[in-house]
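Quick notes on the structure that follows.
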Amino acid sequence: MRLVSGIQPSGLITLGNYLGAIKQFIALQEELKDTEFFIFIADLHAITVPQDKTQLRKNIRSLAALYLACGLDPNRVHLFVQSEVVEHSMLGYIMESTVYVPELERMTQYKDKKLKQAEGIRSNLLTYPALMAADILLYDADIVPVGEDQKQHLELTRNLAERFNSQHGETFIVPKPFTPKVGGKIMSLQEPTKKMSKSDENPKSIIYILDDINAIKNKIKSAVTDSDTAIKYDLKHKPGISNLLTIYSLISDKTIPELEAHYKDSNYATFKSDLAEALAGFLKPIQERYQALLASKELDDILDQGRDAARAVAYKKIQKVYKRIGLGRVK
Ligand code: TYM
């Protein structure tokens, strides 16, 4: 069995990325003992929008260190940079010949991001799901842990795998999405009916894992809550408090009903202040480990090893795909 997932190094990593994705990787590496893990930094995906080259390289290294600081075990996981395994681009291009333009135009993320693009829409913003399918199919992944917002891309990946297999013969495993029961969609702190997103213009709506600890506390304290005073999980009528309860539960060992019972006679200010302290306490050690890892030689060794392990698998797969569709020469 194989597991594959990635995160874009575009900007800073949010609490949404952590709770929706990284936290799952860490839990599953313990649970799925017989599964081989391929986790990567999706830098090729980042260039679907303009990037500053110095900043991009910084972000790539930063995300690698953050994965490890959050608890990814380099002895369990092949951790690598997507662009360093050239087969991702190769298969991405091939998957573009398997997908049709209207299928790509239907992707919600494309529709949303397209609206935000002031400088013109790059063609790879549209073809991005073909590359994402390649990332997954290259490794014969059975399981792909992602947040809710990536489920549509994964559904497309499954369709493309099936289509390719039926046109060219059994080549790819059809992967399954894995979204967390709670935390698959962490909401904005300012507009809790919207996803917490890196591209949000209001920094108060997002918690970055590497935010200054006091800034984190202030963001929680100024999070939008709901009009009555009850600390109760009710997504429809109380999206703000429900989001905070979700976050609190995921970073502590308390369930949402336990938190509701604990804060039954309390008020929003106390609840938020406790959550602010708990979150700060949770993120501080991650930030400390991150700083130590960022400067270490160990980080490069881990990424080199990850790249080599990924390449070995990816190379074989691309040879098989070339043969299936008749690219290159007979050897
Ligand atoms: P990206 O970089 O936007 O997000 C990385 C992961 O974080 C999850 N996520 C969230 N989960 C819960 N609440 C939120 N507010 C939230 N925001 C983001 C995402 O669902 C994702 O799991 N295309 C992908 C990266 C990618 C990939 C892949 C993933 C490229 N190739 C292959 C899996 C397999 C992306 O842009 O994720």
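The backbone N, Cα and C atoms fix where each Cβ goes, and this holds for glycine too.
Please treat TrEMBL annotations as automatic predictions, because they have not gone through curation.
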**Study point:** Listed range which TrEMBL flags as motif ''KMSKS' region', given the options 55-59, 175-179, 195-199
**Key:** 195-199
Practice item. For the ATP site that TrEMBL lists with Gln8, Pro9, Ser10, Gly16, Asn17, Gly147, Glu148, Asp149, Lys195, Met196, Ser197, Lys198, Ser199, give the additional residue from the candidates Ile26, Ile186. Key: Ile186
Check your understanding: Going by DSSP, how much of the motif ''KMSKS' region' (195-199) is helix, how much is strand and how much is coil, in residues?
Key -> 0 helix, 1 strand, 4 coil
Check your understanding: For the motif ''KMSKS' region' (195-199), what are the same-chain contacts with Cβ under 8 Å, counting residues 6+ beyond its ends?
Key -> 10-12, 14-17, 113, 116, 149, 185-189, 205-207
Review point. How big is the ATP site in terms of the longest C-alpha to C-alpha distance among Gln8, Pro9, Ser10, Gly16, Asn17, Gly147, Glu148, Asp149, Ile186, Lys195, Met196, Ser197, Lys198, Ser199, in angstrom?
Key: 19
**Study point:** Spatial neighbours of Ile186 (ATP binding site) that are distant in sequence (at least 6 apart) but have CB under 8 A
**Key:** Thr14, Leu15, Gly16, Leu19, Gly20, Gly147, Lys195, Met196, Asn243, Thr246, Ile247
Review point. Is the motif ''HIGH' region' (9-17) packed against any residues at least 6 beyond its ends, judged by a Cβ distance under 8 Å, and which are they?
Key: 41-43, 45-46, 49, 51, 56, 59-60, 62-63, 66, 147, 185-186, 195-199, 206-210, 247, 279
